[in-house]
């Protein structure tokens, strides 16, 4: 459902979303509709909020002068029925306690990023703040409409957010000519389609007299009562009186301003009003203009204004009227304030009237019983249909339950098998754990034994090193002693040879030469590998000198 917005104001604005103003002459008097006073005429204020690169938008207030805001509903054709929506949405009936900052907080930072411009239209009437939102893309429009349509403004108050798709915004200036009197703002998008240049073909949405809001059957429920006045269903529920709010007000005004008179002769007594068209005429005891109205129009029901009794010209008798009591809800007869012009006090007439009243009561009772029978039969048929649907659902649920039970049994058997396998694995795990503990204990014992052996080996290695050093030192001592022994043996053998040789002059003047210690030591190492040789005694001639 799409809507068309028309703003008729004094101050010209070229574009409502850019607020480029032109010079406007001062308007004197009522330029909206000539001499006819428009009760909706009032001052219109425009609050502009744009979203530039900065995060916080600037709020500018512009006065459009006195004017009227019209909202029309557009019925799209079949070819344009499934077109994508435009880029403009309208929020109706924003509460007065919400400031522009509250509106921004209600919209949220996420949606404000996808909005280019926000315009708030304020009028003098309460709850008449309308917000126009222009978005950057159609996806944001659809997402915003889905999320915010029907959303409550706050958790305390019952007001809800009503979001509408606006296809076109038209601004009219009554002081200019018809060709240049309006500045139209047309959306560019797949849903844009041409509109008529004039608005007589469009139907403006009516206003509820209780809450002063637009009445749209696609948004809220509407109810039309007997007097053909239409209201919002919640508004009529809040109205405590049983009478119509409009009729009650208009009847009070009429009764205070003037007195009812016959429309033909202006007679102000014994008046009868037609229940079909509301014509007032005098009774048959004056000029019988009420009956003449029945002859001319065939409107057979007329009510006497003094006694509130209804006369049937076709049946030539009074209509029996029953009212529902407000206390217990029973049907009671309408009481009369006085006798009518055709009432007689004779017992025959009273008996005849009682018979007619009884017959009418019987007819009413029969008709009510018939309507109740039809109602309860339809109710029983609905209940039987519901019962059949419930039985079908029960059969389906029984099948589903049986299948679920079979699946549950299968799952239980699988669970039992899995539990037995799990138990076996637990036993095996326990055995492996005990073996692991035993091996760990053996490992600890072997580890302690290895540590002890390692300490012992280190001690033995130290002892071995010490013994090796001792052996080396003793070997040196042995070598030294061997050298000394060799020298001693050499000396002894030499002395013996000398003694054998006798007292010769060569031996007396000779010199004994001994080898160095270093040579002896090096030769001692080689002597370990070779056989020990007998020392050679040098000749006395080579080693001894003469005096």
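Cβ coordinates come from backbone N, Cα and C, glycine included.
In the record from Swiss-Prot, residues 262, 265, 282 bind Zn(2+) 1; the candidate from 289, 293 listed for the same site is 289. Within the set 167-207, 208-248, 372-412, 413-453, the record from Swiss-Prot flags 208-248 under the feature zinc finger. Cβ proximity to the Zn(2+) 2 site centre (mean Cβ of 274, 277, 293, 299, cutoff 8 Å) flags the following additional same-chain residues: 275, 276, 278, 279, 294, 297, 302.
A count of other CB atoms within 10 A of each Cβ picks out 262 as the most crowded of the binding-site residues 262, 265, 277. Summed and averaged per residue, pLDDT over the zinc finger (245-338) gives 77. Listed in chain order, the residues near the Zn(2+) 1 site other than 262, 265, 282, 289 are 261, 263, 264, 266, 267, 271, 281, 286, 287, 290, each with its Cβ within 8 Å of the site Cβ centroid.
Within the set of binding-site residues 274, 277, 293, the entry lying nearest in space to residue 265 (Zn(2+) 1 binding site) is 293 (CA atoms). The Cβ of residue 299 (Zn(2+) 2 binding site) lies under 8 Å from the Cβ of 274, 275, 276, 277, 279, 293, each of these being in the same chain and 6 or more residues away along the sequence.
Other C-beta atoms found within 10 angstroms of the C-beta of residue 289 (Zn(2+) 1 binding site) number 20, with every protein chain shown included. Neighbour counts of Cβ atoms within 10 Å were taken for the binding-site residues 274, 282; the minimum is at 274.
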